[in-house]
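Everything below concerns the one structure shown next.
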Amino acid sequence: MDGGLCFDSWSDYLGLSSLISRGLQPQREGERPRWDVLSPASAEPLPSNESVGHKGCGFCRSNREALSLYTSHRLRALDGRVLCPVLRGYTCPLCGANGDWAHTMRYCPLRRLLRDPQSNSNNPKLRH
């Protein structure tokens, strides 16, 4: 990778490169990229980076997105809603969550229930 500016298509398991490419608008020299297509659900102002220890979106950073993308937004709002435009577009295959409450399979609340059926025998929601 060239300093985080390239996307490795071999690990693009969510199809992020095409989503990001659509969101990039031509920019003038010195301007930050515009992510109009990928705007977060809320237009609420973000706290300053220093006040919350903000280093960018952890989801995009973990997926080795470009620095300009992962520093342009936060993963979640203070109330827990997902702000990351990339993650908001993902639908969990286990529970169908997306948008404000989107998550990957790794963080799906159903994952623990599905892995340990013995502890779920008293859970009426999981009975057939």
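Quick reminder: no glycine exception, Cβ is built from N, Cα and C everywhere.
The feature Zn(2+) 1 binding site is assigned by Swiss-Prot to Cys57, Cys60, His73, Cys84. The secondary structure of Cys60 (Zn(2+) 1 binding site), as reduced to three states from DSSP, is helical. Counting only same-chain residues at least 6 apart in sequence, those with a Cβ under 8 Å from the Cβ of Cys60 (Zn(2+) 1 binding site) are Leu69, Tyr70, His73, Leu75, Cys84, Val86.
Other C-beta atoms found within 10 angstroms of the C-beta of Cys92 (Zn(2+) 2 binding site) number 19, with every protein chain shown included. Here Swiss-Prot flags Cys92, Cys95, His103, Cys108 as Zn(2+) 2 binding site.
For 7-23, the entry in Swiss-Prot reads region 'Essential for its translational repressor activity'. Here the region 'Essential for its translational repressor activity' (7-23) returns a mean pLDDT of 62 for the predicted model.
The region 'Disordered' feature in Swiss-Prot is assigned to 25-52.
Positions annotated as motif 'C2HC 1' by Swiss-Prot: 57-84.
The motif 'C2HC 2' annotation in Swiss-Prot covers 92-108, and the record cites sequence analysis as its basis.
According to Swiss-Prot, the zinc finger annotation covers 56-110, on the basis of sequence analysis.
Those same-chain residues not listed among Cys92, Cys95, His103, Cys108 yet with C-beta within 8 angstroms of the centroid of the Zn(2+) 2 site C-beta atoms are Pro93, Leu94, Gly96, Ala97, Ala102, Thr104, Met105, Tyr107, Pro109, Leu110, Arg111.
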